[in-house]
Amino acid sequence: MNRWTKEQSQAIQARNSNLLVAAAAGSGKTAVLVERIIQIIISDKVDIDRLLIVTFTNAAAGEMRDRISAAIAAQLNEQHNDDTSFLRRQMQLLNRASISTLHAFCTELVREHFHLLDIDPKFRIGDTAECELLRLEAVEEIMEEAYAEENEAFLGLAERFAVSKYDTPVENLILRTHDFIQSQPDSREWLIAQVEAFNLDGNKLEASNWFEYLNRDIRMQLAGARELFAQALLLINQDNGLDGYRAAIEADLLLTEDLENCRQKGFACLYDRLQTASHQRLGRAAKDCDPQLQNQVKALRDEGKKIIQSIQTSSLGRNLDDYASDLVELHPYMQALVDLVDRFGQRYQEKKADKGMLDFNDLEHFALHILSYPEVAEAYRSKYVYIFVDEYQDSNLVQEALLNYIKRDDNLFMVGDVKQSIYRFRLADPTLFIAKYENFGSEETDLNRRIDLGMNFRSRAEIIHGVNYIFGQIMSPELGEIEYDERACLNYGASMQESEDASIEVLLIEKDPDLLEFDEDADDINDIEVEASFAARRIKELLGQPIYDPRLAAVRPVDYRDIVILMRSTIDRSAVYLEILSRQGIPVYADVNRGYFEALEVEIFLNLLRLVDNKRQDIPLLSVMRSPLGRFNAEDLLAIRLNSQAPAFYEATAEYMATHDDELQSKLRQFMNQLDLWKDKSRYMPIEELIWEIMFKTGYYHYVGAMPGGLQRQANLRILFDRARQFQETSLKGLYNFIRFVDKLKSSSGDMDMARILGENDNVVRIMSIHKSKGLEFPIVILAGMGKQFNFSDTSAPVLFHKTLGIGPRYIDPTARISRDTLPRLAMKSRIKMENLSEEMRILYVACTRPVNKLIMLASLKDIPRQAVKWNQALEPFNLSKARNFMDWIGPVVMRHPDGEILRDLINLETDSYEINPDESCWRVEILSPALLNRQVEILKDHQINMLNRMQFFNRQETSAFKEVIDTRLAWHYPYQDAVKIPSKLSVSSVKKLQTGNLEADLYEPPAYINPPEFMNDTGDNMKKSGLTGAERGTAMHFVMQHLDLTKVSSRDEIEEQLQEMLQNELLDEEEINSIQIGKILRFFRSKLGQRLLNASQVFREVPFNLVYKAHELLPEIEDLKEELLIQGVIDLYFREGDDLVLVDYKTDYISAQNRAELIQEYSVQVQLYQTALEKILNQNVKESYLYLFHTEEIVKI
């Protein structure tokens, strides 16, 4: 930005204070942060290595470093005085500046002070799956040891929280407890303190945090009940025929007031009053009363009564002495849990130490330990003049403690938006931000100062007004954890042309009631398909429509890449959307994080491994036999089954082989023999080698590559191979233990991430989770699945955890078979549910603030009129806390908008008598029925039938009159055959081939032939595993050169560390990594050209381009050909020196003395095209162009 708002300027220029910048969505917080850093460097003359800049992700750190580099470079171009040397020094210091995630900062801290921890200074950060495996090993070992010790408290814990004969729930409890306490600075001390809090009597229990919160919760419930009874009374006042209900409902109101008075006096008073609380029977209503009003009154009263009954039976179902007795009885078992968590932590630490490995939690806690040494903390306080924390709303207590050690009294700058805090599941603590937001002052003289950035420069005014309209009515300290007031609301700051239809759309799809007979909140696949079909229809309508592009400052047509479909969770739903949209001809890409174990290719291959380990497993056996690996069809399986009465299918298979001599028997025998062969190999062959051999010997890897989404499927199989390689490094060995490891991994963490492949940058509709979309913006957002039920499963665990309320176990008496909630658990269930709802509300806020031009909400709901009745309740925190999905918040606010008439009509609300909230936002609400899709299909079918009927009028006699015309047209030759031979676009590498004159042979490569895989050739020989081809090695080298951090290429160790990160992140596999010659890379960067590159003001790598040429310019033998050719290519690298550019093209080919001159001549053609493209596209001079030959380490100037 060239011009800053008043608030932005304050955030940039303020000094001598701790600053909290509450930056709303689209308010330019990153630009403000960078500008503040630049001004501190330039104006305050602070060296950049005296700044600590903490970001939330590595990508954000990289972007921050690039922005600062570009800003300093821009200043260098402008400065012609004494500041030049200072700025050049900053460019040199930038390489070692502390711009990173907090984990990366902790890593450097731990490496520098390893001697204070007694750890190996060459430690590495463990992969997630590898750490999970060590955790599983550690917890199983300590469980076995605990059983051997026969400790009474442990056995009591296991008896209460294990299930039948399985200890997995106890193991999971240990792991969950250990994970949770990592968010506490003093994790062990915190856990001990929470357990010791169980030693309370009834009187002390009333003063506990548990009762304090439960008391607040009861207050909100009573207020909700009172509101329901008051609404019922208002309805009675509208119809004299309902006067018979008045006395009972007035008594209900008096009861809620009485209970509230008792609540304020204390537990005993409220508990006693609840024991006698009752409701009068409703009187009689007149026969001529309004039946709809009558039903609404009854429904409101019933709901209010349920709230009172819930308080009676759940919240305060027992007296305090009974609650205290439960906790005292549980105390020794919780102490046993503390002991197990201690032992697990020590064992897990030992296993990591054996491997020279740390995990991310170690980094933070070790850094805390190091900073507890006063001289170390003081050294860092002296080093860092300013500390910057981006995305502060996602910090936790451990990270807060780290910052408190190294900050000064007035040098902390925190920026974020608590309304976008959506990582509580990662133990982020938004209350840290909220506490400062509420307590920091707004005056320039305040030591702790808050500045609000509320100007949104991203979205259209219609989006801004809509967001404010929604959250101004539903977000509060109780729900959302912040008041959506004038400070929190968005202000329109962009400049866009007016649009005819920029209204926010709410598309409600009526579910088929017959499909959800048992659970109205279930996500039926058919409903998702219908929702996806309507999304597809809306996408087709949007395509080609005019849309304003702020980057072009012009109107252009909508394209596929402009549209993103956001979902709360992509699990289950994204696959259906992918299928439906693809079927409708819409190119689509899903950025999916989970679902690895459900991937078909992974599931089948794991079943094969289970079968190799033990053939007597029917489900894996049938799965593999019906797959491409087995090639048995349904008739084969039926013949096997009908031939035998044996209960197990394996036995039926063995019986068929013993009693038949036919083709099927031969096929079965060959199949079983192959399993036996792999079984034998599994006894001596490393598991990763066995997996690799099976994948390629059977051809399964290539088979899945030929399926739709083949690249994704092959990448998923490679992940399985990598997991096997990690497993091989543990103390466990063998196929059985590997399968057990995979099953444990699946059950403990639920799933793994799918492999990442390219696709999201293509011209496609993208599907992603709302979490993935944070920080991004899109022209058009379809917010799907708005009717999907929230997930509250984390309140159902037998033991709950909360940062302030501690531990909340269920009371379980295995002898009496009694299970009930303890007081801590009651408080935590309510608190966690409210915090989860607050998080869901913030997730909705993130989703609604992503679009630039258009927001479309899509929801499938059952019985929409009944939903409208529910949405008609007052917008109070208690009513809003009963929301089961996003529409339970959107529905009520839209119903109160002037544009929400269609919803009010559903329950016959008169607009004149209804409280309407006028607003600048524009809404379009539409109720859709699946029958509409069916009608469209029928119309298409009718059209096709009519076309067929019309064709029946034509026969041979009638068409014979046109014989001459037909013959003439069939004999016609296209006059421009030369143009047909030329592709419409060429790669730069193809241009070389044009020089030979052999047009067709060069431009249209002959088809490749490969040997068929073994599953297609029963007699095929074993396939030999081959290394990388020259092209594959070149591709790997180009990928590495593209992604290396240029600030970390000064030594072999720095490059090696980056390669290992690429391996861990599965960007390259081990074979590709091993093909990289680090010495050659290092010598490139130490060369004169490499040094110029590292000192350049800007560097650009792997830059794609398109350039239009006249065909005759490249094909002089066809002089009269006027067609244009689109030349496509990717420039390896160019950098900026002063006002000019320098171009570099890498080559990794083998070069001999004999072919050197010839190859350089060929490559010169490419480089000259690259140079032409750069100069034309950027309108800048390329002063020098070079070839760098990695094989001979030569620099060739072109």
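Here the Cβ of each residue, glycine as well, is placed from N, Cα and C on the backbone.
Record features, source TrEMBL:
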type: BINDING; residues: ALA23, ALA24, ALA25, GLY26, SER27, GLY28, LYS29, THR30; note: ATP binding site
type: DOMAIN; residues: 2-460; note: domain 'UvrD-like helicase ATP-binding'
type: DOMAIN; residues: 487-775; note: domain 'UvrD-like helicase C-terminal'
Inset, instruction - May I ask you to report the DSSP-based helix, strand or coil state of LYS29 (ATP binding site)? - result: helix
Inset, instruction - Look up ALA23 (ATP binding site) in the DSSP assignment and report helix, strand or coil. - result: strand
Legend entry - Sparsest Cβ surroundings (other CB atoms within 10 Å) among the binding-site residues SER27, THR30: THR30
Inset, instruction - Check each residue in the chain of ALA23 (ATP binding site) that is at least six apart in sequence and keep those whose C-beta is under 8 Å from its C-beta; list them in sequence order. - result: LYS29, VAL32, VAL415, GLY416, ASP417, LEU453
Legend entry - Greatest C-beta neighbour count within 10 angstroms, which of the binding-site residues ALA24, ALA25: ALA24
Inset, instruction - Show which residues of the chain containing GLY26 (ATP binding site), separated from it by at least 6 in sequence, have their CB under 8 Å from its CB. - result: ASN456, PHE457, ARG458, SER459, LEU490, GLY493, GLU777, THR849
Legend entry - Other residues, Cβ within 8 Å of ALA23, ALA24, ALA25, GLY26, SER27, GLY28, LYS29, THR30 Cβ centroid (ATP site): VAL32, ASP417, LEU453, ASN456, PHE457
Legend entry - Cβ neighbours of GLY28 (ATP binding site) where a neighbour is any other Cβ within 10 Å: 22
